[in-house]
Amino acid sequence: MNDTIAAVSTASGPGAIGIIRMSGPGALSISSSFLFSKNGFLSPSDIQPRIAIQCVFQIGDRKIDQILFFYFKTPNSYTGEDLCEFHFHGNPILLREALDAIFRAGARPAKQGEFSRRAFLNGKLDLTGVEAIGRLISARSRFELELAQKNVFGEVSRLTSNLRSQLISLKAECEAEIDFSTEDLTYESLEERKVRIEGVKTFCQTVIAKSNSAEKVIQQLRIVLYGEPNTGKSSLMNVLLGKDRSIISEIPGTTRDYISEEILLEGIPVRLVDTAGVRETEDHIERLGIERSEKEFQSADIRLFLIDVSKKEEWKKFIAKAKGRLEGSILVANKIDIRDSSWNPNLFSDVKDLIICEISCKTKEGIPILLDEIQKKAATMGHVEDYVLLEERQRYHFETIVRCLDKTLRLIEEGAPAEIYIQEMNYALSEIGEVNGRVDTEEVLGRIFSKFCIGK
């Protein structure tokens, strides 16, 4: 890394500010050849680290723009090298002209993710930190963003540090028993050792499970609208989306397959699913749609169970059949504006964890309350404190650690000497190192940094 790289680090297109970033041993000297103040061009000795300098970016005799310039001296910079930033007005033509001049002065174009690669290679970031930055940039929801922020500030590094500490303690106990076997010392029993190893394994499995749950939320929770025909599922779908997506008709069986759309609720991505109305039918196509409705209902993260409270016999008959399936759902009593006098929400007081919302899709009565209840349910599934976000590569290494610990336990059960099962602990420790980026090949680095933009 003896060369100097440069790139635009702000988004393409016009903007209030456009930033060119340059890193490497020649960054300061190249920069000074373009920085013009009232006393002439600045020399490197005129430029103090971490102090904003207002000056003119000038190419030869031609003034290009009034800019702010920042210099970060090695090693106290993002990349660990001398790093300079030019803050221009954000015109793409202007930035291109300035960047071309910087290239002519001796810098070369940065490759994808090269600034972060240099930060990693110079020890400014471990690999989990680099991956966290990539996730931070690409996050599609507030939930994903907050999980990425946790990792930027060292969540995965803390977990691996904790795990490493537990494993080293275990390994040290085993090695002490080997090295001082002739001494009159007391060591933990094999049963106690197995309990400790199981504890470390459980720690890993918990991290993996929390990550899998986080990915499920990131990939979208599914909110399924379920009920008999003409209870208002399609109308509610359109109301929640704020647009006409589902066809509405008085004819039963209009929706024959599920329809889905993505929305954001409190920063959490969810997918609304409008299903076919559930009823007895001889129509083969409609029956297939009803079967899909059942599958969607079973796999839903949040269930909206719709009933039409304007028709006494209809909703009472349906609830008699379906009351046992309401636990944990939101019962949406639709058409409350024309409800039958027999409607009584207290009929469901014995159903566990059931929320009842009375609404009218026609008048919009109760819709804000329903939305609030949906958001509350979604939020309970999206508390960032309850989750860990592992990248696919990191998850693989955690799963490998679990396999190493499983083999360690099996070897102990089989009566293998400590010298043998300690080797599995060494493999597990090696996997922890891989999580944080103690890697020997360029392949992993290339795969990670290929997802970054040029100026990062």
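From the backbone N, Cα and C atoms, a Cβ is placed for every residue, glycine too.
All protein chains considered, the CB of K124 ((6S)-5-formyl-5,6,7,8-tetrahydrofolate binding site) has 18 other CB atoms within 10 Å. The (6S)-5-formyl-5,6,7,8-tetrahydrofolate binding site feature in Swiss-Prot is assigned to R21, E85, K124, K456; the stated evidence is sequence analysis.
The average pLDDT computed for the domain 'TrmE-type G' (220-379) is 79. The domain 'TrmE-type G' annotation in Swiss-Prot covers 220-379.
If you look up Swiss-Prot, you'll see N230, S249, I251, T254 marked as K(+) binding site, on the strength of sequence analysis. The Cβ of N230 (K(+) binding site) has 23 neighbouring Cβ atoms from other residues within 10 Å, across all protein chains displayed.
Sequence annotations record features per position, and here Swiss-Prot assigns GTP binding site to 230-235, 249-255, 274-277 based on sequence analysis. DSSP gives A276 (GTP binding site) a coil state; it is part of no helix or strand.
The annotation Mg(2+) binding site is assigned in Swiss-Prot to S234, T255 on the grounds of sequence analysis.
Here is what falls inside 10 Å of the CA of S234 (Mg(2+) binding site) among the binding-site residues E85, K124, A276: A276. Taking the C-alpha atom of R21 ((6S)-5-formyl-5,6,7,8-tetrahydrofolate binding site) as reference, the shortest distance to any of the binding-site residues N230, K233, A276 belongs to K233. Separation of the C-alpha atoms of N230 (K(+) binding site) and E85 ((6S)-5-formyl-5,6,7,8-tetrahydrofolate binding site): 62 Å, rounded to the nearest whole number. Taking the C-alpha positions, the distance from K124 ((6S)-5-formyl-5,6,7,8-tetrahydrofolate binding site) to K233 (GTP binding site) comes to 53 Å.
For the binding-site residues given as R21, K233, the lowest number of other CB atoms within 10 Å of the residue's CB is seen at R21. According to DSSP, N230 (K(+) binding site) sits in a coil region rather than a helix or strand. Cβ neighbour counts within 10 Å, taken over all protein chains shown, single out A276 as the most crowded of the binding-site residues E85, S234, A276.
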